[in-house]
Structures are given as structure tokens and as C-alpha cells.
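Participant: I'd like to ask some things about the structure below.
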Amino acid sequence: MTSYLGIYGFICVTGIGFFTAALVIHVLGSARASRRIHDRLIKAVLGAPLRWLDSTPVGRIIARFTQDIRCIDASLPNECRNLAELTVEELARLIGVIVFAPVFTLPGAAVFAIGLWLGQVYMTAQMSVKREMSNARSPLFSHFGAALQGITSIRAYGVEDLFKTEALKRVDKYTRSGRAFYSLNRWVCIRTDALGGLFASALATYLVYYQVSVDASDTGFSLSMAVAFSGGIIWWVRILNEFEVQGNSLERVQDYVSVEQEPESVPEKAPPAYWPASGHIVAENLTARYSKDGPADRQRQELPDPVASTDDPYRRQRVLRRDPDTRREPGRTALEHHDHPSAARADERHGQAEPDPFDEYDDAVLNAALRSAGLDTLQSEDDEGYIGLESGVSAGGGNFSLGQRQILALARAIVRRSKVLILDEATAAIDYNTDTAIQKSIRTELKDRTLIIVAHRLQTICDADKIMVLEAGKIVEFDSPAALLQKESGAFKSLVDESGDRDALYAMAKGH
């Protein structure tokens with residue numbers, strides 16, 4: 001008796017040791033894996049191209065970092081552990097049966113296969129029923145919420161019976177799917193229990209009548225293993241299905257981890273700290289497209305002089321159409337002799353960052369930039385919404401009007417003394433006074449910069465040094481405004497002639 005107790009105690013202590021070790025490995029391993037996945041996800045999203053960030057809904061990205069990461073942190077490791085534990089248990093139970101009845105190896109495998117098939121049928125039907133339950137639950141709760149909010153109106157109009165009838169209809173719809181869900185559970189349980197009972201009965205018959213050498217205790221042990229084995233099959237299938245469902249979160253995160261990344265910064269190819277010191281731009285054999293599979297926006301053309309000229313880098317080039325530069329095919333674009341494709345986009349974008357995040361400029365410089373940008377012409381210090389250095393800025397500048405945001409952007413360029421500015425519809429959707437202030441700022445404060453302006457108002461481009469007209473992604477005209485207006489069938493001339501400000505536009509072009 002003492003030896004039996006010692007063996008039992010040794011087994012218990014060993015089991016506790018193995019369980020503790022497995023639990024520690026599970027906790028530390030899942031935390032380590034989740035941390036690495038989260039770090040890779042952050043790196044992938046922060047390094048993704050801007051077009052991917054623009055085209056991917058913010059809510060979907062937040063869901064990856066919250067709901068899916070939460071699942072990877074807790075649910076997925078737990079389901080993986082449960083599946084591994086139950087798999088080992090089922091194998092141990094089957095071995096416990098085979099040890100005393102080797103002839104039941106094939107029947108045991110057949111029982112497992114049939115149970116697996118029943119479980120798959122059950123899980124397939126259960127998913128559809130759960131979907132119906134979810135679809136029926138939301139209208140029911142929304143009806144109750146609407147009734148509680150409008151209880152006074154319901155009583156005033158005497159339509160209590162109407163609301164009761166509608167509520168009962170929605171309750172019936174939910175209970176029908178709920179009853180179907182319960183019936184599915186009964187369906188699979190009856191069949192798995194019958195399968196287990198048949199397997200245990202066959203094993204008992206064999207051990208009692210054909211394997212007389214096995215004593216009663218071994219027979220009871222084998223039968224208990226057989227019953228537990230057949231009953232655990234359905235739970236194994238359920239856990240496997242839940243593991244697959246939770247694995248969808250890992251798959252969605254993996255899709256984000258594998259998104260295309262912008263080129264990493266290469267110190268040897270990074271532009272110098274003073275770059276750009278001038279506004280010299282070169283574009284040769286350039287083709288641009290929004291994405292890999294998108295149509296080419298320009299059919300590999302070179303920009304005519306003086307865009308690629310070194311004589312006078314301070315030129316104002318005006319274009320009448322958006323020229324996306326998301327993807328550059330074989331070709332070359334360079335700013336001040338520095339090839340853009342050879343550098344990481346992060347290095348290029350460094351010059352476009354907020355100019356004063358670390359208090360690099362004093363208040364006098366910043367106030368002068370605001371005045372130069374034309375903000376003082378649109379407001380006075382007594383105005384309720386006066387904008388100054390102490391004004392708060394909400395996300396995306398939502399507390400400012402579109403025109404005020406444009407002026408603040410120009411003020412940043414003035415403070416930073418940027419040599420190249422790209423103004424994309426700088427005067428679109430703003431009032432006349434703001435348009436006048438912006439145009440004055442561009443012509444006075446930015447006259448010594450290289451300006452590439454995408455504009456829809458002809459008034460903003462007729463005094464430019466050069467005008468580029470694009471059609472179907474190709475350059476159709478490129479010359480000074482006066483020269484373009486002399487072309488009888490020119491595209492730019494037709495636009496000016498059709499405008500209501502024809503005479504003023506001609507005067508601006510000739511005056512420049």
C-alpha cells in the first residue's frame with residue numbers, strides 16, 4: 001500500500017512539474033511572439049507608402065492594432081494550448097485502449113474519423129445559425145432601445161400594442177435561430193454519444209468474452225479511456241474550429257506586415273544637410289503612375305527646358321493638371337543634382353516636415369512669416385477668431401478654414417526658406433479676399449523660389465514664367481504664357497478665350 005501511495009505521489013509531483021513548465025513556456029512564449037508581431041506590424045504600417053495609408057481606412061488599421069492584436073495576445077495562444085492539450089489527451093486515451101486491445105486500433109481510428117466528420121458538419125451548420133442569431137439580435141435590441149427613448153410618444157399616441165406586436169415578431173425571429181442552435185448541439189451530442197457508446201460496448205464485449213487474461217481493473221481503465229476518447233472528439237473539433245477562427249486575426253495582421261515598404265534610408269545616398277540650396281529640377285524620360293497596376297500618367301517624356309536648365313533655377317512652372325508622382329518608372333528626377341529614386345523617401349520628405357517643432361525660430365520670425373503670408377490682411381487682433389502663435393491647432397487644422405490653412409502652409413515655407421515649392425490647388429474653394437492674399441504672398445514673398453503650381457484658376461498662372469499643359473498624361477504645350485497665347489489652335493489659348501476674364505488674362509500674360 002505504501003509503495004502505491006509513493007508511486008501515486010511521484011506521478012502527481014511530476015505532473016505538477018510538467019504542468020508548471022508548460023504554463024511558463026506558454027506564457028513567456030506567447031508574450032514574446034505577440035510582442036514581435038506587434039513590433040513588425042508597427043514597423044510595416046509606419047514604413048508603408050503614403051498611397052497605401054491614403055487608401056486604407058483608418059478604422060481598419062485601428063482594428064488590426066486593437067481587436068486582432070488582442071486576439072493574438074490572449075485568445076489565439078489559449079486556443080493553441082487547449083488544442084495541444086486535448087490532442088495529447090486523445091492520443092493517450094487511444095493508446096490506453098490499444099494497450100489492452102490491440103485489435104481496436106483500426107476501429108479507434110474509424111471512430112475518430114467519423115467523429116471528425118460529424119464535428120465538421122456541425123461546425124459548418126453552426127456558423128450559419130450563429131450568423132442568423134447575430135443578425136436577429138441587433139434589430140431586437142435596437143427596437144427595445146427605440147421604445148425606451150420614445151416611451152412618452154408611444155403612450156401619447158396609444159400604439160403600445162403595435163410596439164408589442166413588433167417586439168414579439170423580432171423575439172420570435174431570434175428564438176427560432178436560437179432553437180436551431182440548441183437543436184444542432186443536441187444533434188451532434190446524440191450522435192457522438194451513440195458513437196462512443198457503440199465503441200465502448202464493442203470494447204467491453206471483446207475484453208469480457210475474448211480477452212479473459214485482462215483483469216477487472218484493467219478492463220475498467222480501458223473502458224473509461226474509450227468513453228473519454230469518443231466524447232473528446234467533438235470538443236477537439238470545436239477547439240480546432242475556434243483556433244481557425246482566431247487564426248484569421250493572425251492572417252489579417254500578416255497581410256499588413258507584408259505590405260510594400262518604402263526604401264530604407266541609406267546614409268551614403270542621403271542628401272547633404274543644406275540640400276536643396278537652389279531650385280534646380282531635372283526630369284528625364286519620366287513615367288509616373290499611382291500604383292504598380294495603374295495606368296501610366298505620362299508616356300516617358302523629358303520635361304523641356306528650362307525645367308532641366310542650370311542657367312536660371314528660379315522659375316515658376318505652372319501646370320493645369322495634377323501630376324501624380326507616386327511611382328516613377330525607369331527614368332530620372334533630380335533636385336539640385338541629387339537623384340530622387342536613389343534616396344529614401346524619408347530623406348526627401350525631411351525637408352517637408354513642420355519647420356519649427358523644436359522652437360528653432362523665435363516669435364519675431366514666425367510672426368513676420370504670418371504677416372508675409374497675408375494673414376494680417378484677413379483679420380485684426382480684435383477679431384474673436386484671431387489666429388496667432390498661441391492659437392490652438394486641432395487635428396488636421398479642423399478649427400481653421402481652408403484659406404487659413406493655405407496661408408499657414410505658405411508661412412511655413414517662408415520660415416523655412418524652401419527653394420522648391422509645389423502648390424496643389426492653392427486657391428481652390430476659397431473666397432476672393434483669401435485668394436488675393438495668397439496670390440500677393442506668392443508673387444512677393446516667394447518670387448525667388450522655384451514654384452510648381454497645380455491650378456484650376458487661369459488668373460493664378462497667366463503671369464508665370466512657363467506654363468505646362470497636360471492632356472491624357474502627355475505634355476501638349478510648354479512655353480511662356482505670351483507665346484502660348486500666340487498659337488491659334490493652342491490648348492491654353494482656347495481655355496483663355498473661353499474664359500470670362502479673357503482681356504484681363506491677356507493683359508497679365510503680356511505684362512509678364
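Glycine is no exception: its Cβ is also placed from the backbone N, Cα and C atoms.
Any TrEMBL annotation is an automated prediction that lacks curation.
Heads up, here are the entries from TrEMBL:
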DOMAIN    1-235  domain 'ABC transmembrane type-1'
TRANSMEM  6-28  transmembrane segment
TRANSMEM  91-120  transmembrane segment
TRANSMEM  140-163  transmembrane segment
TRANSMEM  184-209  transmembrane segment
DOMAIN    214-497  domain 'ABC transporter'
TRANSMEM  221-240  transmembrane segment
REGION    290-359  region 'Disordered'
COMPBIAS  290-303  compositional bias 'Basic and acidic residues'
COMPBIAS  312-353  compositional bias 'Basic and acidic residues'
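Can you tell me where each of these features sits in the structure?
Facilitator: Away from its own ends, the transmembrane segment (6-28) comes close to residues 77, 81 of its chain (Cβ-Cβ under 8 Å, at least six residues beyond either end).
Outside the transmembrane segment (91-120) by six or more residues, the chain places 188, 191-192, 195-196, 199, 202-203, 206-207, 211, 214, 218-219, 221-222, 225-226, 228-230, 232-234, 236-238, 241 with a CB less than 8 A from a CB of the stretch.
Sequence-distant neighbours of the transmembrane segment (184-209) (same chain, 6+ residues past either end, Cβ-Cβ under 8 Å): 97, 100-101, 103-104, 107-108, 111, 114-115, 118-119, 121-122, 125-126, 129, 219, 222-223, 226-227, 229-231, 233-234.
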Participant: List, by number or range, the same-chain residues at least 6 past the transmembrane segment (140-163) whose CB is under 8 A from its CB atoms?
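Facilitator: Residues 170-171, 173-174.
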Participant: Across the domain 'ABC transporter' (214-497), what does the pLDDT come to on average, as a whole number?
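Facilitator: For the domain 'ABC transporter' (214-497), the model's average pLDDT rounds to 71.
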